[in-house]
């Protein structure tokens, strides 16, 4: 695999790589905002039934006369008296005079807008019998992310990373802006779904385009940088949401910048590795020479020619034979093993991650504070993950992050409900481990799949992650059986999935595979190494048994 030598020849991690990586990574600041935006735009404020229109609310006690109380003495959110109940209540009774009949809120609701002046819940009354629609909106967004991972992952392998990125920026800008002006809830959901599709494409192509332009020794740094930018986006969301609490303005603010990303993305240079894997050596040569010129390596770029590329990339040209289809993921034994193991890791990470981060109001403290804490824990978690990835390898980092996250969530399930500090601390630690797992799985997947099917493989992994994020809210409904059941499920899945890393090869310091044959050769080499290790163990065991006999 000589492509890494070509990258080093034209400047390695030079000026071009630094500029393009920065510009490609910058939109991820706002991608984090879109993923968890509904924590703020769909926040549920305190609310109660609205009395009939002819009620004089300025009169003392008139509003309370219409509102029954719950066991904590607070007004019921979804019921009101059929007629005002004035006078003193009977002792130990929640109803005035103990005789008031109740009914649903037929005249709508009154919301406490002290924290959130406007949310989609307030605008379209997504409470009480309509409360499931709030979660439906987030699930449809995740369905869009799932569809985007499938569609744009495949398109990027066929059309190139740059073209798909340009399309995704434009689609995000348009659909996000239209969401801010949505006149009804169905229209809002439709544009959120389209936003999810395009943001999935941005996430996948951002990692791939950067990794394919970087030398081997810098890939882990790029993966960690992408993870940190996403974490900083969570801080940004907390600050922006606090400064702009109106949901339409907030939605608009995180969408309009994508028009700027769309404009400057036309200056990106397509992946030369993708050009070569597609058999287009003429475009590969042009891209490498352009990069060499930007990096100040004009002589090295001028020394490149079609003959040099044919000699350097002979194996890629003879074995690549164009693009591999998605069916290769199941047809080829080596790819099938990667696909099944990575699918488990993607699903488990996303399943547990969104089980934690999409219920910020459940912590009982300021939603803005929890958003900042959840963002802050990513910084040390991803730093530790980066050190483990670079020193011990991708496989132990992936296994440890998932295993520790699952253990934290499982322990949280047995901690008493009144131990709020302990429970919050465990949840934050588990979230940090899952963030590190996400950071690792993006890099690990990109290094395991060959160039000819890398984007399709990343797309399928992201698809399984979205399935996890869609299923995750449904699991939270099991809390009606027992409050800790969701936590037991959220914790057990990543613990079980961490075992899949045992069946994956290590990629630390290894060149990126370009063809399916490269993956099969790596798989065959791993098998030979394992057989040799077993053969070496047999004499040692026999010697140990002989000593025991003596």
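Backbone N, Cα and C atoms are what each Cβ position is placed from, and that goes for glycine too.
Where the annotation comes from TrEMBL, it is an automatic prediction and has not been curated.
Taken from TrEMBL, the feature domain 'Major facilitator superfamily (MFS) profile' applies to 27-509.
Sequence annotations record features per position, and here TrEMBL assigns transmembrane segment to 139-156 (among others). Long-range contacts of the transmembrane segment (139-156) within the same chain: residues 38, 164, 168, 189, 192-201, 204-205, 208, 326, 354, 455-463, 465-467, 469-470, 473, each at least 6 residues beyond the stretch ends and with a Cβ under 8 Å from a Cβ of the stretch.
Annotated transmembrane segment per TrEMBL: 185-208 (among others), in sequence order. Sequence-distant neighbours of the transmembrane segment (185-208) (same chain, 6+ residues past either end, Cβ-Cβ under 8 Å): 24-25, 27-28, 31, 34-35, 120, 124, 126, 133, 136-137, 140-149, 151-153, 155-156, 161, 164-165, 167-169, 171-172, 175-176, 178-179, 223, 226, 255, 271, 442-443, 446, 454-455, 458-459, 462, 466.
Residues or ranges marked as transmembrane segment in TrEMBL: 220-243 (among others).
According to TrEMBL, the feature transmembrane segment maps to 249-269 (among others).
Per TrEMBL, the feature transmembrane segment maps to 338-356 (among others).
Among residues of the same chain six or more beyond the transmembrane segment (368-389), those with a C-beta under 8 A of the stretch's C-beta atoms are 36, 39, 220-221, 223-224, 227-228, 230-232, 234-235, 237-238, 241-242, 357, 360, 396-397, 400-401, 428-429, 431-433, 435-437, 439-440, 443, 508. The transmembrane segment annotation in TrEMBL covers 368-389 (among others).
The feature region 'Disordered' is assigned by TrEMBL to 523-550.
Tertiary neighbourhood of the transmembrane segment (220-243): same-chain residues 21, 25-26, 28-33, 36-37, 40, 206-207, 210-211, 214, 250, 253-254, 368, 371-372, 374-376, 378-379, 382-383, 385-386, 389-390, 435-436, 438-440, 442-443, 446, selected by CB-CB distance under 8 Å and a gap of 6+ residues from either end. Looking at the domain 'Major facilitator superfamily (MFS) profile' (27-509) alone, the prediction's average pLDDT is 80.
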